Amino acid sequence: MASVEVRKSRALRARSGPSKLQPARSMPLDYRYSAGASPANGAGGGPDANGVGRRAAAAEAENGGEVVVRLEGGDADSPYSSTAVTAAEEEEVGERGGGGDEVDSAATATPRRLSPRAAASPTEGDARWGDTSSYGAKKKHRVFCQLPNGDWALCTVITTSGDESVVKVSEGKVLRLKTECLQPANPEILDGVDDLMQLSYLSEPSVLYNLQYRYSKDMIYTKAGPVLVAVNPFKKVSLYGNEYIDAYRNKSMDSPHVYAIADAALCEMKRDEVNQSIIISGESGAGKTETAKIAMQYLASLGGGSGIEYEILQTNPILEAFGNAKTLRNDNSSRFGKLIEIHFSTTGRICGAMIQTFLLEKSRVVQCAVGERSYHIFYQLCAGAPASLKEKLNLKKVDGYKYLKQSCCYSIAGVDDAQMFRTVTQAMNIVHISKEDQESVFAMVSAVLWLGDVSFTVIDNENHVEIIVDEASKTVSELLGCSIEDLNLALSKRHMKVNNENIVQKLTLAQATDTRDALAKSVYASLFEWLVEQINKSLSVGKRRTGRSISILDIYGFESFDKNSFEQFCINYANERLQQHFNRHLFKLEQEEYVEDGIDWAKVDFEDNQDCLSLFEKRRKRQGICCPSLCRRGGL
């Protein structure tokens, strides 16, 4: 089993383009939706070599080259004091042997772009400066110190006295803090190593610094033992293709890369005759879907020859059109989970595939946040459908539909929806979806859009309603192949069976609106499932099945909003389970094996999320106890 940990980096921009066939440094050229995804705070470059931002330099200039900073709220538990001196006293501090005060740059600069979510508290298992501090002061060793805002800063030890040390953060800024809170930094020769396992001190700041250092050199891939860490560059680059595929296949390149992970999975499948899995995890917007596509590209290139590999790659435009959407964090965010199982023959050639999907975000069909979009296909159909199809489906502009205009976002920077629609129809042709079926698919897409415009009128004093017979209701009934009466019966009345007796209950305006939205979500979800079934028929292995396969898991990442829906709960729960799987294989099982073999080793502490999972999975007092009753309600 291989694992790829995908991370986001929004802070730095590459300063120059990479040369031909150098170690892999970025994401694929086919990164269509990433053009507008980079946040504004990434512009203007990153921190300097010491990790200190530009605001500190500005503060120095304003004070005539001297920085005077006060740290408020110091206490006995903090490694920081609450006094300050000018930068001019730096030399004197060193001469006094640590008897002076310190200058804290935390209030004027944020020296670390890749920072932890919260300040980490010292633990016994962490590598510490400790007993070697005096020697380190003489050698001017580098250390990491954690600033009050949680960021790590790379420092140089000036002097030590008792349990306190004075460190130099950058030119003109020094700190006095408790020695036990310092983390030793790796020697400069280890800056930017390919594998985190090569670091002398494997700690949180060392990992962050190594990833940032490599990213500043346009090297976004780093190994962590069996795990590949990928940092999303949020830009188009051309470091993927046949030349790189050949280089990794011929083993002429060994730098960290998704190609290397895919190649290892393929080699082990052939050698051991055991199915392999590549698990891609990371937060929303980290680049998991693009990473999965890169792995598929490599496998298709090495295992090609039958033609089926081209069909497998062409499933991506279809699934992305119907299952991806623009969010505030990602222009091409997967709103469903996908497991693609690629089957190989005894000769190592691809002979078929099967796709499983789960957790489609149905609520996005009827509602999405301001600045986001619903699924790409809605916008692609309105922009790229031929005139004859637009007339047949009675299509309007995107800003004419209630479901689409509520977010006030209709386009994506750098993306041509009309061209993408043509790409989707070409992909449908390749996976053998007939023209007639394609037209039926687009009719259902149009029906979903028009359903949002169906309105109701109150017919009595109890707020019961009926649908208004207008263009929207007529178009929906025509596209769905039902009468206006049937549509009205489905949306304004609820049918129940009590004691073998059929009961019809009239709905209120709020209930009818919820029923309408539930129908729209149900139609779209059924359409998505049908498309996956048709794709699987086209990619079916049949009698060619050998039992050898490589599976690639791409599940959309953990998200936290001001208001999380039940769907979001399911998504985050799935991510917690995936994280537990990762912890179990990388930490728990490995350490248990060390114990069984009697190996002398230092226990690795890690953040275990088992308590969080137990909250929802234990039989007693579990939060998930409400799920059966929720599932019996409409509108989920």
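Using N, Cα and C of the backbone, Cβ positions are placed for all residues, glycine too.
Whatever TrEMBL says is automated annotation, not expert-curated.
The structure displayed is predicted, hence computed values, not measured ones.
Here TrEMBL flags GLY282, GLU283, SER284, GLY285, ALA286, GLY287, LYS288, THR289 as ATP binding site. Under the DSSP three-state reduction, SER284 (ATP binding site) is assigned to coil, being neither helix nor strand.
The annotation compositional bias 'Low complexity' is assigned in TrEMBL to 49-70.
Residues or ranges marked as region 'Disordered' by TrEMBL: 1-132.
Most Cβ neighbours within 10 Å among the binding-site residues SER284, THR289: this distinction goes to THR289. The DSSP secondary structure for THR289 (ATP binding site) is helix.
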